[in-house]
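Asker: Quick one: the structure is below, and I'll ask about it shortly.
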Amino acid sequence: MEHDLERGPPGPRRPPRGPPLSSSLGLALLLLLLALLFWLYIVMSDWTGGALLVLYSFALMLIIIILIIFIFRRDLLCPLGALCILLLMITLLLIALWNLHGQALFLGIVLFIFGCLLVLGIWIYLLEMLWRLGATIWQLLAFFLAFFLDLILLIIALYLQQNWWTLLVDLLWLLLFLAILIWMYYHGQRHSDEHHHDDSLPHPQQATDDSGHESDSNSNEGRHHLLVSGAGDGPPLCSQNLGAPGGGPDNGPQDPDNTDDNGPQDPDNTDDNGPHDPLPQDPDNTDDNGPQDPDNTDDNGPHDPLPHSPSDSAGNDGGPPQLTEEVENKGGDQGPPLMTDGGGGHSHDSGHGGGDPHLPTLLLGSSGSGGDDDDPHGPVQLSYYD
C-alpha cells in the first residue's frame, strides 16, 4: 500500500477495539430479544393488516438490524447504523403522513423527499467504502440491486397490505444488512492486517534518507578511489612510452661539448661534424675547438692520447653509469647518457649495434618534463614498448 511521501513517520499502532462491556452487551441482547418479539407479534397478529402495520413491522426490523450491528460490529454503526436510523425516521414520517392533510401533508412530502436523498447519499458512501475495502464491481452491483429490490418490494408490500408479504420483505432487508456485515467483517479484517503489515515496513522518507546516506557513502568511496588511483600531481607511475621506435635521432640542442650524436660516429662515440679550427691541429693530433679537458685536449678527435671515461652529456665526467634507456626530450636539456642496446639507435658504448629491435624494451627514464635530471626526488617513469 502506497504511503504519502509528505506524511510523517508512522505512529504507534492503535490498539484494537475491545468487545463491548458485559452490561451494555447484555442490554443490547435484551433489546434485540424484545424487538424480535414485538416484530413477530405485529406480523402474526393480523394477516390482513393495513399499510400502517407494514410500516410498523418494517420500523421494528430496522431497530433489530441496528441492535445486531451494535452487538457484533460497533465500528460500523456510522455507515450502516445511520442508514437504518434514517430509514426508520422516513418510515415514521410515512406513518404520520398517512393521516395528514393540507399544508402539513405538503411539508411532510418535502421532508420525505429530503430523507430519501439522504438515504441515497449514505448508500453511495457505503458502496464507496466497500470499494476501498476491495469489493469488486460485481459485488457492488449486487448490493446496489439488492437495495433497490428491497425498496420496490417494500412499496409492493404497502400496496398489497398482506402480512405474509410484509414478513418476506422484512426478512430480505435483514438478509441484505447481514450480508454487508459479514462481507465487511472478513474483508475489513484482512484490510486491517495489510495496513499493519505496511506500517511495519520502512517509511518511504526513511528509505529516501537511507538511500541518500548510501549515495553519500558511495560518493565518498568514489572520491577515495580517485585519490588512490593517482589523479594527483605529476605523471603516473607506470606509463607507456610512445617515443620513436628503436631510439631514433636526438634532434634537440647540442651537448655542452659542441657535438651532435646524429652524424657518423667515431670510435669514441662522438661526432666530428662540429665546426673545426681552420688552423692545423696540435701536435697531439687533437682538435681544440670544443671545451677542453684539464689536459688541454679535446675528446672529439680520433686520436685521444689519454684514456677518457664516457662523458656525461650534461657535463659530468665519470661516475657510475646511469641505468636509463631512453629519455624523451621535450624541449629541455638532454637527460643522462644512454646505455642501452636499443635496436637501430645509438649509444655511447655499443655503436651502431644493438639488441634485437623486435624485443620489448623496458624504459627507466625521467618524467619527460625537460627539467633537471639530477633531482633525486623527481618522479620516475616506467615505460614499456615494443
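Just so it is clear, glycine is given a Cβ too, placed from its N, Cα and C backbone atoms.
Grabbed the feature section from Swiss-Prot, which reads as follows:
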COMPBIAS  210-224  compositional bias 'Basic and acidic residues'
COMPBIAS  251-267  compositional bias 'Low complexity'
REGION    194-386  region 'Disordered'
REGION    194-232  region 'CTAR1'
REGION    351-386  region 'CTAR2'
MOTIF     204-208  motif 'Interaction with host TRAF proteins'
TOPO_DOM  1-23  topological domain 'Cytoplasmic'
TOPO_DOM  45-51  topological domain 'Extracellular'
TOPO_DOM  97-106  topological domain 'Extracellular'
TOPO_DOM  128-139  topological domain 'Cytoplasmic'
TOPO_DOM  185-386  topological domain 'Cytoplasmic'
TRANSMEM  24-44  transmembrane segment
TRANSMEM  52-72  transmembrane segment
TRANSMEM  76-96  transmembrane segment
TRANSMEM  107-127  transmembrane segment
TRANSMEM  140-160  transmembrane segment
TRANSMEM  164-184  transmembrane segment
Asker: With pairs fewer than 6 apart in sequence excluded, do the transmembrane segment (52-72) and the transmembrane segment (140-160) have three or more C-beta pairs that lie under 8 Å?
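Answerer: Output yes: the transmembrane segment (140-160) sits against the transmembrane segment (52-72).
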Asker: For the transmembrane segment (52-72), could you work out the same-chain residues 6 or more beyond its ends whose Cβ comes under 8 Å from its Cβ atoms?
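Answerer: For the transmembrane segment (52-72), the list is 20, 25, 28-29, 31-32, 35-36, 38-39, 42-43, 46, 80-81, 84-85, 87-88, 91-92, 94-95, 98, 154, 157-158, 161, 163, 166-167, 169-170, 173-174, 177-178, 181, 185.
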Asker: In the topological domain 'Extracellular' (97-106), how many residues does DSSP put in helix, strand and coil?
Answerer: 5 helix, 0 strand, 5 coil
Asker: How many of the residues that make up the topological domain 'Cytoplasmic' (128-139) does DSSP mark as helix, as strand and as coil?
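Answerer: Its residues divide into 8 helix, 0 strand, 4 coil.
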